[in-house]
Amino acid sequence: MNVYYEQDADLGFLQGKNIAVLGYGSQGHAHALNLKDSGMNVCVGLRSDSTSCQKARDAGLEVKTIADAVTWADIVMVLLPDQNQKAIYEAEIAPNLVPGNTLAFAHGFNIHYKQIIPQETINVIMIAPKSPGHLVRRTFTQGNGVPCLIAVHQDYTGEAKQQALAWAKGLGGTKAGVIETTIKNETETDLFGEQAVLCGGSAELIKAGFETLVEAGYPEELAYFECMHELKLIVDLYYEGGLSRMNYSVSDTAEYGGMTRGPRLITPAVKAEMKKILEEVQDGRFAREFIDECQNGYPNLNRLREENRTHSIEKVGARLREMMSWLIKK
């Protein structure tokens, strides 16, 4: 696996070019501001009625409609929600691209699953910071950066990889390290991680643990602390130093209990189900299911959101978080 640093990237591959960042959310604001502060000529492309227009202007960025931004730009970074990209690409992006332009993404969903099929006469690249946008921005302003992934899907001009590296450098990523991958590998591992571990597996494990304690007669408050609240303490240890750091930091009782009981939960049957989930990502079944869900108005997602919203762990959690002065109330 190739890893690149400061000396491997040249901002000259972006200098003198017009750069459009479409979207001004978590990633969009970080990409636009970091590249602007790196000396690039940047505009933000948004719907004319977007509430983000004024935020971008207040940050010193030029704002254009999406179509105008694409027409103006040499390099276009698409940082719009996955489910919106296809329609916007067909209506406002594709008609305004010209040969030699570069189309960039921070996630490969629409390219990998062929929701977007770019013309052959442009570069298509991916630059994916491995952190939320606020951290991309904060580390940059501190003179550092976060690790990034890059990939080249199409190289029409012969400069696609150099442009991807330059973009990563403009974000601050080459100070941490930039890993070269493929659109396929980024997309499939990202979706699997979200579904099996980060957003799906962990949430279901939390709820199952909470329900087990409550059904056994323990107070909801104690169940919340043990199965939800304290998870952050453990995840922070994983984040800082891996499994070994966590095991070193907890009590011997916790370490022994975790190592001997954990495998009874995550059995070969669980891993077999993980493999099925991965297969659904790999063969496109999940993508087709999600696209159909979006086109039908999110009936399943809305139902599942309501089930989660009304789960008792949410109600007791809301009460307990009122006791935590260090939390930012939203």
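Each Cβ is built from the backbone N, Cα and C atoms, and glycine gets one as well.
Annotation source Swiss-Prot lists domain 'KARI N-terminal Rossmann' at 1-181, citing sequence analysis.
Annotation for Ser26 (NADP(+) binding site): spatial neighbours Pro132, Gly133, His134, criterion Cβ-Cβ under 8 Å with sequence separation of six or more. Per Swiss-Prot, the feature NADP(+) binding site maps to Tyr24, Gly25, Ser26, Gln27, Arg47, Ser50, Ser52, Asp82, Gln83, Asn84, Gln85, Gly133; the stated evidence is sequence analysis.
Sequence-distant neighbours of His107 (active site) (same chain, 6+ apart, CB under 8 A from its CB) are Asp82, Met126, Ala128, Glu186, Thr187, Asp190. According to Swiss-Prot, the active site annotation covers His107, on the basis of sequence analysis.
According to Swiss-Prot, the domain 'KARI C-terminal knotted' annotation covers 182-327.
Per Swiss-Prot, Mg(2+) 1 binding site is recorded for Asp190, Glu194.
Among the features that Swiss-Prot reports, Mg(2+) 2 binding site is placed at Asp190, Glu226, Glu230. A simple way to gauge crowding: the CB of Asp190 (Mg(2+) 1 binding site) has 18 other CB atoms within 10 angstroms, across all the protein chains here.
Ser251 (substrate binding site) falls within neither a helix nor a strand when secondary structure is assigned with DSSP, and so counts as coil. The C-beta environment of Ser251 (substrate binding site), restricted to residues of the same chain at least 6 apart in sequence and closer than 8 Å, is empty. Feature annotation from Swiss-Prot assigns substrate binding site to Ser251.
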Local Cβ density at Gln85 (NADP(+) binding site) - other Cβ atoms counted within 10 Å: 22
Neighbour count (Cβ, 10 Å) for Arg47 (NADP(+) binding site): 12
Cβ neighbours within the same chain of Tyr24 (NADP(+) binding site) - under 8 Å, at least six residues apart: Ala32, Val44, Leu46, Ser50, Ser52, Lys55, Ala56
Cα-nearest neighbour of Glu194 (Mg(2+) 1 binding site) within the listed binding-site residues, Arg47, Gln83, Gln85, Glu226: Gln83
Minimum Cα separation from Glu226 (Mg(2+) 2 binding site), reported as the residue among binding-site residues Arg47, Gln83, Gln85 that achieves it: Gln83
Chain-internal residues near Gln83 (NADP(+) binding site), provided their CB is under 8 angstroms and they sit 6+ positions away: Phe290, Ile291, Cys294
Reported mean pLDDT - the domain 'KARI N-terminal Rossmann' (1-181): 97
